[in-house]
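Working notes, structure below.
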């Protein structure tokens, strides 16, 4: 405070003659200061008035001829800091706060030896604090907040012994805090928040006995809370939040009896909250959020009689809220979200009548909302989502007249919605509960309601009248209920911005009135039963940005008026019955980033007007009947970087025109598709040569041109495509040779499929030595020469190749011992060639081999002893050679390694012919028996279900394989069959009528899942048993019988507590059904995806249990029996949770048994985006190591809470694996764990160990990944917390 003498001098100044001003140096400096002003003159008008003496200028105070105070606070001068300030040697007070000064502070400030008050806050000052500033020994207040000052705080600050206020927050000052600060015994306020100070707080700070306010928040400080804190008995406020302090809260904290504000949140503090904290009678605000506190909340908290605000969120308490909290009569805010709380909400909280905010979200609270809460009439916000609360939503909630936001989502509330006559209510969320009944017509008595979230419930009825009075409603989400009727047109009269009605039973036509809305930006009506055409009036909704009407029954053409939706960025009409041509008007929607019209019946050409979509980065027109050529303008939208509003990052750069009837050549303008990453043109009638211009698309990661009519060379360009991982050119008419330098052209190729062409020449030796290649298929060509398994330089080499098929060519020569370099091979198929010589003993070294076919060659000699001992080998064929052993069945004879075995070299052709006749006769008998058995079983099944079904999806005319033989390349394989003896218990015999009744004619009400191979319905069988019925997609035998038989073979053989058991099946006509045990708690994905704005977050013990259990299930598939099973689609949505949250691996719709019964090659994508291992590209090969990668992604989901792909992971390339690597590379490992996951020190160590295993599982190179047995072993060690180095070894224990 300025002394009285100072104001006396101000009074006397008026008696000084004006003529004396001219003699003052300060006056001259004032004119210099004025002349430097270029901005803000309007705020300083009298400075430029010649009649006004300088000492009367605004903000200027003089004593005699001397300027003693300059206060230009908030005057927008926006200029470099004035250098002339140092000339005002009599200056006592200087306030330039909020003036917009920039640049560094001048050393001349040290000349102001009389300065007592300095405020330069809210400017744009840079550089260090001048050393000369520490010479201002009269200084009492130094305020430098909100600048960009840098450097360190000098120990010279100890010279400012009169300092009472030091505020340097919101800068970039770094380094450690100088202990010399502790000598400033007059200091009352110390504010250093939001800098980058590091190290610990010096113990000397305990000498600041006058300190009232201390704020060191948002720095990088470490260590424990400094021991001298208990000496600061005058302290009123203490904020140490957002640092890295460790240890416990000292019990001596209770000695700070004057403390009114204590903020220690967002640190690494551990242990219990001390009982002594209850001694702080004056405390009004207590923040302990985002630490690692454990144990119980102390009962002594009731002693905080002045407390108004308590935040203990994001901790690891394992206790109930103490009932003593009911004694906090002044409490207005209780925030304890994600704090590890359990038990019931204490009814005593109803005594805290002043409570306005209660946030207990994401805990494990149970029971109903206490009746006593009805008296909390001051409530404004009530958040309890993500618990296990049950009962009805109480009707007395209408007493909360001041309530603005109520969030009850992700609980187990049941019954109807309550009456809500709350005039101030803005937001009501009760999603993901068990609410039933219809939406009451009085819902809009809350006439201020802006947001209503009721998705994922069991609501029924219609909404014909429900929302008519909601005149302020901007967001309505009814996703996944059982609401039926038509979409009402009155919704257009509401101020809705977002309308989400997907996954209900809405039927009828789209209302023409809906498109009259002036506000709707997002509409999603997917997965309903909406019929009829898309109305012409759709074009009236010109502000619309996202429109999703996929998977309905819409028919007719796409209307021309869609072109009036000029703001549209995302349009999905996928999976309807739309016909006609793609309208030219659609291309007036020039903001489109994603356009998906796939799986319709569209015809005609792809219009050249597509060039208007310059922001397009995802175009999906697959599975239609489009014809004509690919327009030269197709690439215009792919010339630019990805649009920021693109919905799915994994779809960026996707150009998919597959499975149409396109003809002609790929246009040379394809070179302009610079941003295309995935190019799918398979399944068309394209011809000509592969354009050399493809070699200019350096961002390509995969190309699929299979099943077309291309001719000419397979690789017409010579420059490298360094990003390309998948190249699939099978089933064309390509000729010529494979370039000798293919390894340089495709340096990172992982999947290369050149099968079923007319290629000639040799197989380049360098191709097999590519460091990235793991799938190579050159079968059914005219290749010749030797297959070189050694590298050109002759050096020893460990290949990463997993799959090699060179069958049905003209290869000759022998197999040499260098094949031992290919230890990762799981499939080796060289049948139907002209190989000669003996089998190399190195074949026994291929320990990963599970499929071996060397049949129909000219090989001779003995079988290497170790062949039959390869653990995973489930199929081997040596027939058609001069070798006794034809298949693995011959291993049972046990004589192939004996010293007195047959002399295979001397085997006469006569014996070979005789043996062939014998085998053919035996095979003929077996085939007859199998055919008769199949006929018998089919007739028996058909009799049990005479009813015919309509196929789930219409068969499309494509160039895909139409039979098993065609898919397998007419290889000799065992027939697909169902071995009913493999099932442990008798299967349920379910009739078609049972299924129709249980699913109400396949009503969408019963849908609980929809995968690539089938839709899953929740149903109750006649005897009352709840089951899940999977209706397999498929309109022909390859897509129906094959998946059905594979599923039966797979699940029937598998019995494990962590796998979903198959209960029965049903066959009728083209329809195939599987009946599974119903899993009460849904999928892991459902529990992980949503948190503060969605579903409940699982605690770490639950996540670790789920991780270990699902690993055991997958390990059993890989190693539990022969033949081994590959899942092919391992993901969080395929891990189901029973009533005890025990995990069960589900959905073997993509499973393949690697045996003679089935191929392991597929032309479809195996897996789901985000889970597919990098070696797949557009994979046609599945391996156990691919499953391991996918499971590693699931582990990362459990650790981080993030989805496998999305906007959040943009730093890592749009996927979770990349983001985790990006975070770890920057030393941010502790920041990648799920922020909604409270952890103790033990849990943190467990999480770090699981992260290490997950990183091994998601290694780019398959051979670096562990087996699932090793994963189980590592997780078991982690679960038991055997401390010390983590050593993962193979264990047979699952």
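Keep in mind that glycine also has a Cβ here, set from the backbone N, Cα and C atoms.
As annotated by Swiss-Prot, N-linked glycosylation site applies to 198, 207, 220, 330, 458, 472, 567, 601, 687, 704, 805, 832 (among others), with the evidence given as sequence analysis. Annotation comment: Swiss-Prot describes 161-184 as repeat 'LRR 4'. According to Swiss-Prot, the repeat 'LRR 5' annotation covers 186-207, on the basis of sequence analysis. The repeat 'LRR 12' annotation in Swiss-Prot covers 378-400, and the record cites sequence analysis as its basis. Summarising the annotation, Swiss-Prot assigns repeat 'LRR 17' to 494-517. Taken from Swiss-Prot, the feature repeat 'LRR 18' applies to 519-541.
Around the Cβ of residue 832 (N-linked glycosylation site), 22 further Cβ atoms fall within 10 Å across all displayed protein chains. Counting residues 6+ beyond its ends, the repeat 'LRR 12' (378-400) has Cβ neighbours under 8 Å at 332, 337-338, 345, 353-369, 371, 406-422, 429-430, 435, 1091-1092, 1095-1097 in the same chain. Closest in space to residue 330 (N-linked glycosylation site), of the glycosylation sites given as 198, 472, 567, is 472, taking the CA atom of each residue. Long-range neighbours of the repeat 'LRR 4' (161-184) within the same chain, counting only residues 6 or more positions beyond its ends whose Cβ lies under 8 Å from a Cβ of the stretch, are 116, 121, 129, 137-155, 190-208, 210, 215, 221. Cβ neighbour counts within 10 Å, taken over all protein chains shown, single out 805 as the most crowded of the glycosylation sites 220, 330, 472, 687, 805. Beyond the ends of the repeat 'LRR 18' (519-541), by six or more residues, the same chain brings 474, 479, 487, 492, 495-512, 547-565, 572-573, 578, 1004, 1007, 1010 to within a C-beta distance below 8 angstroms of the stretch. Under DSSP, residues within the repeat 'LRR 12' (378-400) fall into helix, strand and coil as 5 helix, 8 strand, 10 coil. Here the glycosylation sites are 207, 601, 704, and the one whose Cβ sees the fewest other Cβ atoms within 10 Å is 601. Counting only same-chain residues six or more apart in sequence, the Cβ atoms lying under 8 angstroms from the Cβ of residue 198 (N-linked glycosylation site) belong to 174, 175, 176, 219, 220, 221, 222.
Listed in sequence order, 542, 543, 544, 545, 591 are the same-chain residues at least 6 apart in sequence whose CB falls under 8 Å from the CB of residue 567 (N-linked glycosylation site). Mapped onto DSSP helix, strand and coil, the repeat 'LRR 18' (519-541) counts 5 helix, 7 strand, 11 coil.
In the three-state DSSP scheme, residue 832 (N-linked glycosylation site) falls into the coil class. Between the alpha carbons (Cα) of residue 805 (N-linked glycosylation site) and residue 472 (N-linked glycosylation site) lies a span of roughly 65 Å. Taking CA atoms as the reference points, residue 601 (N-linked glycosylation site) and residue 207 (N-linked glycosylation site) are 82 Å apart.
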